[in-house]
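Contents: one structure, followed by commentary.
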Amino acid sequence: MDILTVSLIASTLVAATPLIWAAMGGLVSHQAGLFNFTLEGLMLFGAFFSVLFGTLTGNVWIGILLSGCVCVLLSLIWGWIVIDLEADQIISALGFILLAQGGTVFMLNAMGQGGGIFSLVQLNPIKIPLVHDIPLIGPVLSNQTALTYLSWLLLPLFLFALYRTPFGLSLRATGERPEAAEAAGINVRRMRYISVAITGFCCAMAGSQLALGLLAMFTDNMTAGRGIIAFAAVIFGLHRPLQVFLVALFFGFAGALTDRLQGFGLPSELLLTLPYVLTVLALCVAGMQSAFKRRVGA
Amino acid sequence: MTVQSQMGNLAAEARARRSLARAWNALQMPVIATVAGLFVTSVLLVCIEVNPLDVYAALLRGALGSLFGISSTLRWATPLILAGLAVSIGFKAGLFNAGLSGQIYAGGFVGSLIGFGVTLPWGLHPVAAILGGGLAGATWAFIPAIMRRYLGASEIVTSLMLWYVAIGIADFLVRQFFRDPTSAAFLMSVKVAPSAVLPSIFPVGNVSVMIFVSIGAAILLAHFMARSVAGYEIRMTGANPAFAHYSGVPIGRRMVLAFCLSGFLAGMIGASESIGINQRFVSQFDPGFGFDGFLVALLANGSIAGCIPAGLFLGILKAGGSEIERTLGLSKSIIWILQGSIILFVSANRLRGYLAWFIGRLRGR
Amino acid sequence: MPTPIIQLIGVTKRFGSFVANQAIDLTIEAGSIHAIVGENGAGKSTLMKTLAGLHMPEEGRILLRGEEVMLRNPEAAMRHGIGMVHQHFSLIDSLTVTENVVLSNPPQRAGLFLKRDAERQVKELAEKYGLAVDPRRRILECRVGVQQRAEILKALYRNPEVLILDEPTAVLTPQEATTLMENLRTLRDRGKTIIFITHKLQEVMSIADRVTVMRAGRVVMETETARTSPNALAVAMVGHELFAKPRQVQREVGQTLVELDGVSCYSDGLGSTRLDNVSMSLRIGEVLGVAGVEGNGQSELVEIITGLRHPSAGALRIKGVNVGRSSSPAEMRRLGVAHVPENRISTGLATTASLLDNLVMGAHRSAPVSRGVWIDQGAARNRAKTLIREFDVRPGDIDADAESLSGGNMQKAIVARELSGDPEIIVVAHPTRGVDIGAAEFIYDQLLSRRQKAGVLLVSSDLDEILRLSDRIVVMYQGRVMVEALPEDLTAETLGLLMAGMQAGKGAPRVGDKA
């Protein structure tokens, strides 16, 4: 394994972390039967508030947690609009994203800043003693931020929560057949609010990693479509934890590869389209399968 | 007055009342959402100790208070009306063209390509570029449309994903083959030929003849949807696909037609921006017309012709935004917030019920 | 005599002005199997939903073991020991049988779902009542019969004393139905009380201890099964006053319009065959009545003739033209097929569009309404106004949305539109369901008057309608043609028996091949 491969893995892990957080958060809403396209907006809010609160409190973790709380609240507002006001989920999500883009810039300006603000705190890489000493990949697996490590824990956590707890059972029932869930005594409305709150929190973590893990600053529209990629990962991964996790990881790899190949003068633009092309292809294949099933009448 | 004519009068009055009620019904949600949006914006402005009324006054002054302002409003209304039409025609067929921006991008690329790559006489050149851009947009919309028709894949997700693919392909081609060697940081193509440029029709600003094309397209399309066989079939497909199918309407073909028409309009936007405003292809030239198109269509609330006033309204917001930026030192973000909150609430039909209940309680006391 | 487990006294349930249940008295003995039979719309399901807490009755009392109770919601009914298995399952496809069964109250410890315990519980429950299921299999991998057992287990998991089943055998194959009957006996022997709704008299006779017959929202008969006969039940179901009214039966028939030759149809899901080797023909000058309890293949038959569905096997000829598997509604309409669909709101109309738009449909592609690519507004409005006048659709505002019309007027609008082009083949499904008497009479007259120049295929589960209009009758049961007969050979009684899957005794009509 050469040094290039190693650094590619390293940058994959860095690029994938926000995607994993946002996509895993998004899948919870989808599991509860909500078509949640707000991820991009939530990430942007999360990034902004983590910088704001981190700088205000002088503690990176308090900043991230407060950002998480604010994003949960904002996400619940969207939840109220779609669950109780019965607004169209996609239209209102588009509005939410626009509101996030306008809102963060507005707050930047209100603080007298132009295109961005620097954070006084940041997430430092953590060296894991034993792992760090493994040759070549040791320094890669180690030396990540805490949010990266936590994002890896999301997979077992979500698998467990969805498939091994009564809560997960209720959530899956809610998403697939709300009226049947209701008949079994599950409070569908409550399950949906909970799912939206979880999505909000996870997206805040995604935004925090973006703002505090890499650059220690917030800039105008810094998510730059990562929330859309995360959404693509949710769709492509059929909102199942393992698939979504792997797809997000893969999209992170595609991003890292793009940066690398750009260095060699290869067309990065085309590589950047990879996640989107793959999602379209996945929908094609899924469609063909069901069309085939319809035809054979199985 | 004879009894008969009296009855006729009564019937006419009843008809007038009904159409008034229907118009009010159609306007209700856009009005409620706009009020909600203004409320959210005002609260934020008060938070930073700015008088909202000053802001709205500056907005109107900037958009309508001068010849430049009016020209600026019309400049923005041009693509916005088209974008609203593109979204509306999808809605009519029961489809959601979330990838409008991709079709705009494709149109912008092909439009400028025809602008700098082809030699044509004056007059004809811009027409070819606009139509070429439209066809590019229609082609880009055709992919999600047939995927929906034959594979049942959600046109919302596929068209949205293809937006990014359009950006990738167009940027790649421009970087590789058509890049302006003098451009430094920004990725942009060479300039279009002078014969292809859409000139401004106002002494100031950037309004091209495309404003008439936009308004004409709205009128034509409204007529087409209301009066043509295909338009009727598209409407019925959107209103109840099972009914249309049972009645013998080829609903798959009608969906594809409507979606491609939507893409064509979007492609025209891109081409007109390229040869009219930028006079070349500029990477990321679209300042979010896709989003804006939704707002226009939602404010028009299903009415095709309604896209004209809705597009002008949004044009006022855009044009006035600069004035706010200039005189009050606020950024345009306040306009985004206004737009975003309107979109957020405009489909929330239950809001109407809650408001009625709330007003009823107020009256009760 | 012990206190009955359930007693209904004077229970009345109205929907608007429609009385679904009129002063119902019903007594259910503990530990018995009690069948409730009646035609569609007799009020059986409404009554059972009242018992299961899905409706609150306007009047009357419900006594459980002699004590009056209020069943405000399904949860309350469940707490009082009443569980219901609906005709349409409420199972979650991607979950396993176990997960579905325990969904309401999963076994857990410290926030952990105890899957093993749940599977064991379901297995024990299934064994106790003889309901064979694989607890670990996902619902979407199960056959319909197994899904139903899972649904029953789901109800049993909450340990009810009374189990209500709404037409449990409607979706089952005969073999599965036999198994279910055994299961129900086992449940009774284990001390449960079973109430089941059915159309099939055979089932009643074979397992029910008592039977209640309902008609038009009232209880018309209640007896021990041992003391009655299928014939007596059928008579009670359809009522005596319905015996054939004299009518001019059409004998002179012309050219064959529609011909089905061994048509079969397999459904998309895991269900059974929906149409099984059906052969029939429709000729000019006759009304062919297709009788049957809903869900016995009539919908599929109509869909095939109107191009909405393709036959899986067999041939379909329209006026001698072989329209194989590539047929579409558009093609069928070109061949002269008109269709009044069974569901007027989901299929027959675009309710959010204007009445004008709804009435123009079909005529919009040809003159005088269409002029090239444009629709002539004047001609379109004229057409709509003419239809509204001729068919007396009220209110006659063609610019109003179709959803503002009452059910009867919606139906008149559909019939007006469909009959307008003088079609040769008129396929009509349940034309007067939920339609007031005046409108129904009008529709009957229209259909009969078209008979001279067209063939009418009338699908209905209303015996009165079938006997009144038909020149020839076929009875469908479980996707097959049970008999084909002339109306004078059939009484309401024999027809009722045939629809319930019983072969008629005396005066048996010709069975099998075409008349």
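The backbone N, Cα and C atoms fix where each Cβ goes, glycine too.
Unlike curated records, TrEMBL annotations are generated automatically.
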Request  = Examine the ranges A:1-24, A:193-216 and name the one recorded by TrEMBL as transmembrane segment.
outcome  = A:193-216
Most Cβ pairs under 8 Å with the transmembrane segment (A:60-83), selected from A:32-53, A:89-108, A:146-163 = A:32-53
Key: Positions whose Cβ lies under 8 angstroms from the transmembrane segment (A:193-216), at least six residues beyond its ends   = 14, 17-22, 24-26, 28-29, 31-32, 34, 36, 38-39, 42-51, 54, 60, 63-64, 67-68, 70-76, 78-79, 83, 118-119, 121-123, 145, 147-148, 150-151, 154, 171, 222-223, 226-227, 230
Inquiry  = Within this structure, do the transmembrane segment (A:228-253) and the transmembrane segment (A:32-53) have 3 or more Cβ pairs under 8 angstroms, counting pairs 6 or more apart in sequence?
reply    = yes
Task = Determine which residues of the chain contact the transmembrane segment (A:273-292) at the Cβ level, with the cut-off under 8 Å and only residues 6 or more beyond its ends counted.
result = 229, 232-233, 235-236, 251, 254, 258
